[in-house]
Amino acid sequence: IVMTPKQVLLEDAEHNEDCVKRIIQLVAGMYCTLLLLDTGDIIVLGGVKVDKAKKLGRKVGPVKMEGRGFAFKHDEHSKGKNKKKLELVDRDDRARDQDEAAKDADPLSLKEIGCGHYQSVALTCSGKVYQWGRQFAENQQPVWNPTRTLFDQHRIIDMIAVGGEHCLAVAGFGEIFSWGRGDMGQLGLSDNRSVSKPHLISHYFVNVKAISAGEDHSAAISVHMPGSEDLVLWTWGNSEFGKLGLEGDVGPARPTPESVLDLHVGSEVCTPKSVCCGTDHTAIITVNKGSKHQRVWCFGGGYYGRLGHGSQANSRKPVEVKGVE
């Protein structure tokens, strides 16, 4: 257990500072951490755990997944030097001592990355999604190398969010796709099924601004209706502890997106700006209408004081976190 912050060397001491300056995004899952560099490369810290009984590919130090390993960069080659072991940038388990032309070349850089319990996802600047790790369908073998995720009618994806064992993706004009584990309605498909391929959420979203996926719930911020500038927060999935911020108690699973209404201070309406879903709680940032004053709100499970409300009490509706300026 690391009780105090420790520096992680991403490269040798001579080049570590330069590497750190190139980090543009960092995401942490249950068993690994991904760092996206401005070169299009990904650095992996940790390992991949496929199930509780079997561990695969565990790494104790940083391992670089080079952009050319994805074949996302113009330098479309891949190599790996760990003999007879499956390297994260390899297309199979053959050892490679020199550069080898990569297949399925896509000469574009990465835009965004996401990390779940057992899977990782990457979004390219051209709107393509790749994922690797444990697959969501039962009895499927893990995917060792980045593999493209296909969407209906070749949708161009604008943003992604990765939860515990499910994913969200936003395409143009406000379409939200979901796939993965859906036992608590976290996919928003109006039922509790799990799906291995992206499915379009039938709810009509307008101009989606943000999405987030938690352990078993999801959230999105979108324009209220065509022609409007008002933004609305939507949540769906497991309502335990009140982490959806919804009124009433109609069972733990709420598989259809519903709007969160309690975002106001007195008579002043607060507009949702960003959202982040955790394991059992949700946090949002709002901006006051007519001003630029921002507020932080939390709701859901309050154990360990995670809501910032001065106690461990749960909250079924958004409550402002005081003292955050």
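Cβ atoms here come from the backbone N, Cα and C positions, even for glycine.
Keep in mind that what you see is a predicted model, and the values were worked out from it rather than measured.
Here TrEMBL flags 72-103 as compositional bias 'Basic and acidic residues'. The region 'Disordered' annotation in TrEMBL covers 71-103. The annotation repeat 'RCC1' is assigned in TrEMBL to 174-224, 231-288.
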Composition by DSSP (helix, strand, coil) of residues within the repeat 'RCC1' (231-288): 3 helix, 36 strand, 19 coil
Confidence summary (mean pLDDT) of the repeat 'RCC1' (231-288): 90
Secondary structure tally of the repeat 'RCC1' (174-224) (DSSP, helix then strand then coil): 1 helix, 27 strand, 23 coil
